[in-house]
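Peer 1: Heads up, here are the entries from Swiss-Prot:
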BINDING   21, 46, 47, 48, 82, 213, 232, 236  3-dehydroquinate binding site
ACT_SITE  143  active site, proton donor/acceptor
ACT_SITE  170  active site, schiff-base intermediate with substrate
């Protein structure tokens, strides 16, 4: 399986990489949060742009991106607008969503974008091609905050992302039972062993699914999300605790 390299970070080998989400509402809080995050132990900075209030002002959005880039120049920056239908803060039209991601790609400030699988097949394919033409990697994602589908469906979604040339397919699902967590882990393992030719990221959410955030190296998930301050999804644990556990499992 090929790895994905962003800056000096190699994703898809060794212990899962730690992603943290920054969720600031304005320029001032982007600055203060960035300074606080700079001291934390993580690998990839995800900027959750759907939390930003002034989204209609693309110049303001890119000014905030510039602050993040300048504050943490060595960290890969993942630009993520999470749609309301997949658990984000604000609803957005498909056209505005694509335009915002293209503006981020054009800016030269971001290393990766998050692109939701169910945005629309044509829009997804075109945006992936546009990102790759500008040397920006694509994390293609799907989130269900209500349920966990069957393993076959989980694998089908990850394979579809791979067929759309996502650099890193990602899926996050809500378990209704402990067996749902096993379904996610079994699907991850089957995908990793039989179909994946690139790194994938999977997780089962909430307290029930915490084990999936820790056991990525065992089952085949290349990255996991931790919390510096406020968790961006249910079940995230602090980056310090997360790094400790990932290191223990890696060295075992």
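Cβ coordinates come from backbone N, Cα and C, glycine included.
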Peer 1: Please report how many Å separate the Cα atom of residue 170 (active site, schiff-base intermediate with substrate) from that of residue 236 (3-dehydroquinate binding site), as a whole number.
Peer 2: 16
Peer 1: Could you state the CA-to-CA distance between residue 47 (3-dehydroquinate binding site) and residue 143 (active site, proton donor/acceptor) to the nearest Å?
Peer 2: 17
Peer 1: Could you work out which of the binding-site residues (21, 236) has its C-beta surrounded by the smallest number of other C-beta atoms within 10 A?
Peer 2: 236
Peer 1: Near the Cβ of residue 46 (3-dehydroquinate binding site), how many other Cβ atoms are there if near means within 10 Å?
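Peer 2: I count 22 other Cβ atoms within 10 Å of it.
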Peer 1: Once the chains shown are all counted, how many other Cβ atoms turn up within 10 Å of the Cβ of residue 82 (3-dehydroquinate binding site)?
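Peer 2: Taking all protein chains shown, residue 82 (3-dehydroquinate binding site) has 24 Cβ neighbours within 10 Å.
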Peer 1: In whole Å, note down how far the CA of residue 143 (active site, proton donor/acceptor) lies from the CA of residue 236 (3-dehydroquinate binding site).
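Peer 2: Pair distance, Cα basis, whole Å: 15 Å.
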Peer 1: Around the Cβ of residue 47 (3-dehydroquinate binding site), how many other Cβ atoms lie within 10 Å? Please give the count over every shown protein chain.
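Peer 2: Looking across every protein chain shown, the total is 28.
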Peer 1: What's the CA to CA span in angstrom from residue 21 (3-dehydroquinate binding site) over to the residue listed as 'active site, proton donor/acceptor'?
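Peer 2: Given the Cα positions, residue 21 (3-dehydroquinate binding site) is 16 Å from the residue listed as 'active site, proton donor/acceptor'.
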Peer 1: In sequence order, which same-chain residues at least six apart have a C-beta under 8 angstroms from residue 213 (3-dehydroquinate binding site)?
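Peer 2: Residues satisfying the criterion: 203, 204, 224, 225, 235, 236, 237, 242.
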Peer 1: At 10 angstroms around each C-beta, which of the recorded positions 48, 170 has the fewest other C-beta atoms nearby?
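Peer 2: Fewest other Cβ atoms within 10 Å, among the recorded positions 48, 170, is found for 48.
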Peer 1: Tell me, by DSSP, whether residue 48 (3-dehydroquinate binding site) is helix, strand or coil?
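Peer 2: The residue in question, residue 48 (3-dehydroquinate binding site), is strand (DSSP, three-state).
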